[in-house]
Amino acid sequence: MARAGEATILHADLDAFYASVEQLLDPSLSGRAVAVGGGVVLAASYEAKAFGIRAGMPGWRARRLCPDLRFVGGHFHDYQRLGDQVIDVLRDFTPLVERISIDEAFLDVAGTEHLFGSPGEIGAAIRRRVRREIGLAVSVGVARTKHLAKIASQTAKPDGLVLVEPDRELEFLHPLPVELMWGVGHVTLARLTSVGIRTIGDLAATSDPVLRRMLGRAVGNKLGSLATNADPRRIETTRQVASVGAQSALGRRRPTSGLLRSTLGYLADRVAGRLRAAGRSGRTITVRVRFTGLRSVTRSLTLSIPISASLTLTELSAELACAALADHPREHEITLLAVSVSQLVDDSILQLQLPLGLGVDRSRPGTASGSARWAVDRAVDAIRDRFGRDAVGYATVMFSEGGRVPEAFRQLAERSGGRLGGQG
Amino acid sequence: MRLTCQPATLSQALQTVSRAISTRTTLPILNNVLLETTSSGLALTGTNLEIGIKKLVEAEISDEGSTTVPARLLTDFVGTLPQQQLELSLDVASQTLSLRCGRFDTHIKCIEADEFPPTPRSDEGDTIKLPLAELLAGIEQTQMAASTDEARPVLTGELLQIEGGRLTIVATDGHRLAERRLQVTSGDGLEARLIVPARALGELPRAFRGDSGEAQITVSQARNQIFFRTGSTGSSEVTSRLIDGTYPNYAQVIPNKSSTVVRVDTGELNQTVRAVSLFARDSANVLRIKAQADGLALSATTNEVGDSRAELAAEVEGNEIQIAFNARYVLDALASVAAEQVELRFDGPLSPGLIRIPDHDDYLYVIMPVRVAM
């Protein structure tokens, strides 16, 4: 257990991870501007970032900024492999490792001083070992809280270490720009800058009621306390995820039934597949529809019996999305759809239903049609395990996609730290 | 209205009719019990507009009349009275009921009987008769299989199918189904498929406690009310509205073939399942049954609790099988089997299992298995 007064939390974050792995695998790329992706930049090396190239940027614009830019396809298996190796290095220092995505993790090194030295020394040792044994650069932040450690590692980039001493935390935090804070995205940033809040210190000086009014209750409270460095969260090594979700940004699209069906089918298939892989199923289905101007609406439904079938989740999501759209007849375009499932339970036991032929049986997993869906999902999962995710899928989903984020990339992003279920 | 009766008899009848009286009603009159003098005694009626229960109490009537009395107060008060004659008299003008018994002199404010919702009349409906004991046994053997899920209202009722001189009672919650067939002693011309709320049927054993002989079932001509009555004078009566809707074609889920047939001692199986299922505490109370050449092996496991396994001798014909059920559903069935031996029929681990009495077809129970990930 960390003693409240000492900086024992480390945040280790690999620098430009995907692009760095590409440079590692192909030495001819090292020192050059590299982008992973093609139509869209998914990740960029520091050399490319120096030209102003950013993740999410269209490929043509990136090429215009840097004509020498080298595009590479993405070695997703190697990302996972090398990311895992880095985590193994971290686990050599303490079992208290909380992986939060493919390329970053928190550690709590309280009580390991006699073995490995001070937290700052451990941070330096981690950086040395990752560089020497794996060949990648990792930046490390050391602080008393998770939030501060994460901010410290961001300021340490590239390839650095920043230690925030407990007695100069606010001195460190307050001059930094608000966008370094966890949870400050485009929308929040725009709202904050519109009222002149640019640094974390500005945020800390703003009263809680004002923040809540501006950002909503939850976000306002959270940012307010983080800005004054109140963050009681501990390292969680076995996070049991409470929900599983996926979302798709659509640009600006008319919500036709075809678009809904294919997008929700795609999202539901992802979510349901991840549930099944973890041996879980869930009772509450939530769909979020975002309109232009960042207005969004959520609809959810709680079933008496938990589900994990792709097709059932697709149908229920579509019903929820249609209900949400029907309530907002004046919204003509949507920009994002999201599906999530919560109230998760272990999926290993299922009471089957008598085939009574009742109308509502479709969504019940134990019915004959439910069992058929279960069998289809199992077959699809088995094929995907062996031949990859794109090997098989629902036609409405597979034949309607263009220019999406590559499948393997999404999987890496979603397979972050949180563990879905007992079996992992 | 003026009469005398025994507090004990009245108290028991009040408790029975109070079962139909809801404590959370929006209509104040429904908190009251209707008291009416009849030629054969004092009639008590309680209703929640869905279910009505009427009991006749032996009484010495000197003046006829009727009123409604707050049921809870009257029941609680009469329940405390000594075993001495109780005299009830109503002051019609003030609607005040006086109760005199031993050293008690009590007055309760009442509401006029006209305010009470009219009781449905059964006089012109179609009627069948059968032995009361049979009817009550049939209800007891099926009632636990009815659903409590209001999302499927039809399944919260039991099907009463009257056809060819037979009454078939069926209940299912979608996981298991119980069916009991009874012979009708009169009224074999009637054909009907009625869905009766399981809660109403559940009141019959209590309402008819102490009664014997024949039970009479009458269906209103509009086919929206059902009346259960005992005794030639109709000493007890339960009425219920019928559930609107179509009962599923349940016959299609009764397995007509089986690859494994097991015959086993009912008491021994019941006792074994009861013991082993103490370790079936997970979400679906999973009890695993293995039928092999020389008998049955039952087992259950709950993480962090423990596990249990038992074997018992049984005649097993056909294939060996391993199948899992919710232990509660199995126990419910075994409690309903009033025979020394019971027959279990299986047709694969994901197909419904059948429980019946060997060489009898008046009772059967179907259970859907639990699918257990391997």
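Just so you know, the numbers here start at 1 and follow the chain as drawn.
Placement of Cβ uses the backbone N, Cα and C atoms for every residue, glycine included.
Going by TrEMBL, these are the annotated features:
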type	residues	note
DOMAIN	A:9-185	domain 'UmuC'
BINDING	A:Asp13, A:Asp103	Mg(2+) binding site
SITE	A:Tyr18	site 'Substrate discrimination'
ACT_SITE	A:Glu104	active site
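Mapped onto three states, the DSSP output places A:Asp103 (Mg(2+) binding site) in coil. In this structure, A:Asp13 (Mg(2+) binding site) is part of a beta strand by DSSP.
Here A:Tyr18 (site 'Substrate discrimination') is positioned 9 angstrom away from A:Asp103 (Mg(2+) binding site), judged by their C-alpha atoms. Here the C-alpha separation of A:Tyr18 (site 'Substrate discrimination') and A:Glu104 (active site) works out to 12 Å.
Separating the Cα atoms of A:Asp13 (Mg(2+) binding site) and A:Glu104 (active site) is a whole-number distance of 4 Å. Sequence-distant neighbours of the residue listed as 'active site' (same chain, 6+ apart, CB under 8 A from its CB) are A:His11, A:Ala12, A:Asp13, A:Leu14, A:Ser153.
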